[in-house]
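A quick write-up on the structure given underneath.
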Amino acid sequence: MNKYFTCYVVASLFFSGCTVQHNLINETQSQIVQGHNQVIHQYFDEKNTSGVLVIQTDKKINLYGNALSRANTEYVPASTFKMLNALIGLENQKTDINEIFKWKGEKRSFTTWEKDMTLGEAMKLSAVPVYQELARRIGLDLMQKEVERIDFGNAEIGQQVDNFWLIGPLKVTPIQEVEFVSQLAHTQLPFSEKVQANVKNMLLLEENNGYKIFGKTGWAMDIKPQVGWLTGWVEQPDGKIVAFALNMEMRSEMPASIRNELLMKSLKQLNII
């Protein structure tokens, strides 16, 4: 994405103020500000990691965490790209929500992936082989055109269609991710409403006390340093949408649940849930 970014930095742990103009898919502009919350800063410190939580409400974006510069730094999207992969595949009729992707008995990275599953089931299990198969069906040329059409991250997918989101060259910033997922939450992406609704249904993580939390995790294990994501949105009881993108440095010994733990604690701290 072509972005104009200006920032004023004070000699402290935080940015004093920050504004951004964006050329988004729907030509909106977002204002980005530092969210002053030392508690969330400490949440990341306590896990001995660096990270940022980007929150978008309407056109206002707030940054929290102990490494705010990550918000405008590019990282491989890892399995958060499954959201766009599914949108492209469904829109172009390379699959449908009822198709069963067959497991052929091969050894997979996790035993939970060693079964037949639909695209939605594979989304919830983050089953990489299913989405690699979908990417191969889409093909390199169409995938490149669609990623460019959506203006996702640096829009570079290279010459191998089934791993560019895991090891590069595709990269995206947390700010770009939160803008993308906010448009998905509001059904504003340039895909059919039906396709967007189907993908949103795949992303429901939790429903409690009138709040719905949608999201997709990502963990880039094959790059150094490793990168973790949890990107999605909260639908509040009154229907208001609050989008989020958590991005952090991961280590092999960390539990996968650390991303959800940090997100949920932070959302509660901010009175979003």
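Residue positions begin at 1 at the first shown residue.
Just so you know, glycine gets a Cβ as well, placed from its N, Cα and C.
Marked as signal peptide by Swiss-Prot: 1-17.
Positions annotated as S-diacylglycerol cysteine by Swiss-Prot: Cys18.
If you look up Swiss-Prot, you'll see Cys18 marked as N-palmitoyl cysteine.
When other Cβ atoms within 10 Å of the Cβ of Ser79 (active site, acyl-ester intermediate) are tallied across all protein chains shown, the result is 21. What Swiss-Prot lists as active site, acyl-ester intermediate is Ser79, and the listing cites similarity to another entry.
What Swiss-Prot records for Lys82 is N6-carboxylysine. Note on Lys82 (N6-carboxylysine): other Cβ atoms within 10 Å of its Cβ, all shown chains, come to 28.
Marked as substrate binding site by Swiss-Prot on the basis of similarity to another entry: Lys216, Thr217, Gly218. The DSSP secondary structure for Gly218 (substrate binding site) is strand. Its Cβ taken as reference, Gly218 (substrate binding site) is surrounded by 26 other Cβ atoms within 10 Å in the chains shown.
Sorting the binding-site residues Lys216, Thr217 by the number of other Cβ atoms within 10 Å puts Lys216 first.
Compute the center of the Cβ atoms of Lys216, Thr217, Gly218, which mark the site for substrate; besides them, the chain residues with Cβ within 8 Å of that center are Ala78, Ser79, Thr80, Lys82, Ser126, Gly215, Trp219, Trp229, Leu230, Thr231, Arg259. A distance of 7 Å separates the Cα atom of Lys216 (substrate binding site) from that of Ser79 (active site, acyl-ester intermediate).
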